[in-house]
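Take a look at the structure set out below.
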Amino acid sequence: GSGHSHPPSLLNPSPPPSPLRPAPPATPAMAWRLPPLAVLLLLVAAAVSPLSSAVRPVSDAHRSVAAELFAASPDDLETTYEAVRTFKILGVQRDKGLDGKACKLAAHTPSSSSSPAKDLFHAVKIAGVLGCGVDAGVYDDVASRLKAVIKDTNSLLEFYYSVGGLLSLKEQGHSVVLSDADSTFHAIKALSQSDGRWRYDTNSAESSTFAAGIALEALAGVVSLSDAEVDPSMIGVVKNDIVKLFGTIKSYDDGTFYFDEKYVDGSEYKGPITTSASVVRGVTSFANVVSGKLNIPGEKILGLAKFFLGIGLPGSAKDCFNQIESLSLLENNRIFVPLILSLPSKVLSLTSKDQLKVEVTTVFGSAAPPLRVNLVQVLGSDSKVITTDSKELQFDLDNNVHYLDITPLKIDVGKYSLVFEITLQDSEHETVYTTGGRNTEAVVVTGLIKVDKAEIGISENDAGSAESVEKLDLLKDTKVSLSANHLQKLRLSFQLSTPLGRTFKPHQVFLKLKHESKVEHLFVVPGSARQFKIVLDFLGLVEKFYYLSGTYDLELSVGDASMENSFLRALGQLDLDLPEAPEKAPRPPAQAVDPLAKFRPQKEIEHIFRVPEKRPPQEVSLAFTGLTLLPFIGFLIGLMRLGVNLKNFPSLPGPAAFASLFHAGIGAVLLLYVLFWVKLDLFTTLKYLSFLVVFLVFVGHRTLSHLSNTAAKQKTA
């Protein structure tokens, strides 16, 4: 991605693809399945992809990625050390609380008697990076334990962690001396192999490039801790081993060098980033403690720097640590300090008259010593030599950049390889810095492409005899309206030329016909000399068009990474009349359904309600309403004829109250009936009625009991 360049898989024993290698371009088969705009973007991206992974010095982008990768506070010592070490190199400010937690972790480890040498190594390293306050007595105990490990072990890793821990104690101001340095040096050297690799212990059958790196770092620590000079002959033997080790280094054609681990098994294999970082740590550490210069070619040191810079922005915390620490060691070493040539911009516009700008810095972007940069050769995309006239670039001291006007070079649009030669002005610097001699950088020169003599028409035969030919301006919105049948042909032609009047062949020239049913057909427009021309014989395309007659939208796409005025232009419409499809003719493919379509605004639903039925006149409605009152009037008349009276209504206060409540309850029931008719639903009415019934049963029973007792007393009297 993103952007981010990812290291090769650790599970692949074969040499990984270079981080600088471009992705494969789009194939013609892909072009037939993708929409033209997607193909345009894909091809332009493929053309520019070799430039996107350009080697550039460490920048703020690396700091941001490091802060992101180490954002979570690690709980293990190794990851904590890698985080604090990376942040210190990059100058990234950490939260003081996290530093306090790291110091607490580093202080707790030495106090545990069961802590192995590896944990003691990382704990002391953390304390050294952060300046944690550790009691001198604790360090005395750590030194004793690490010396005991050195005395009893035959494991390369145990030597590495023990010697490294003691050296870190010494660098923090603690008095540490390795009295038996010669025997320790010989014990580590005994694990070396004839090819410059090392074994992990005396029982290991296979040698390892990664182990060679940690062995050299351990030997450098032994030399630093020794209270006497280590046997010079043994130092010479190790120097020779380093030469053999660099004889196994792998490389790419662009001058990138890296070390890869020989595959042993899944648990021991290290990837090229980890392996190369181990060798860089070991070799630079050993070079810093021995006299004389290691016999390592400067271009290999520069190639290792290009390898680590070519990773770009790493995708894991481990790769980030290995990349940044390796580059920091290459930035200051006694072998050669690599100087990186880089281009701030690898796309140059003829229209804007851009200048060619070149920066020469260290891997961390520090200024280089006085030097000259010459453009000695320009190669075309086919490796054809464009010019061999050497031109020296001017130097802008304020911006620390070398520049050259490209107009006098008479180069046209396209992709070029520029060959630069760097020469140090001071001969004494040649033993300190390495420039790699000649450096090749790929650039893309862009410009406005002239589009003219564009025509579109319908013809009857191959000879031409066009019925209708229309001129087109492909750089503007021009629409045509054509009609044809299956016996006719569609012709489209136009010319493309560069700003210098040369033939221009873009990466993509496609003509698309899109039927009103959304079925699309894509055709590559072939070019010869300056002219691009396509003839669509509809008689031979009826099956490809699925015998679909109707309106087709015409669309032309022309695109290239060097073409500043690439376009995707709608040409107009074609009304095509094709014969009826036979019974066994191929059917159009089903069109893909957009999964997001259901979330988009839906079509408005239009509905007309039924016209209401005609109502009767108001007088008739009122008359029938009056008829509904007749039963009630009859009820009142019946009461009058029966002579209803209140003679039996109780006279005593208590029974009179119950009788009144009883009649009120009956009235409430009648009112509930009315409310049911005009407002309430059945369930609500039944709910209220249930309460009224219980009430009526109670008061009615009391009222009827009183009337019964009164009647019984009257009979007795």
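Placement of Cβ uses the backbone N, Cα and C atoms for every residue, glycine included.
Among the ranges 24-46, 622-644, the one that TrEMBL lists as transmembrane segment is 622-644. The residues of the domain 'Ribophorin II third' (453-576), classed with DSSP into helix (H, G, I), strand (E, B) and coil, number 4 helix, 73 strand, 47 coil.
When pLDDT is averaged over the domain 'Ribophorin II C-terminal' (609-709), the result is 88.
A Cβ distance under 8 Å defines the sequence-distant neighbours of the transmembrane segment (688-705), meaning residues of its chain 6+ beyond its ends; these are 650, 655, 658-659, 661-662, 665-666, 668-669, 672, 680. Shown for the domain 'Ribophorin II second' (339-443): DSSP residue counts in helix, strand and coil, namely 8 helix, 56 strand, 41 coil. Across the domain 'Ribophorin II C-terminal' (609-709), DSSP classifies residues as 77 helix, 0 strand, 24 coil.
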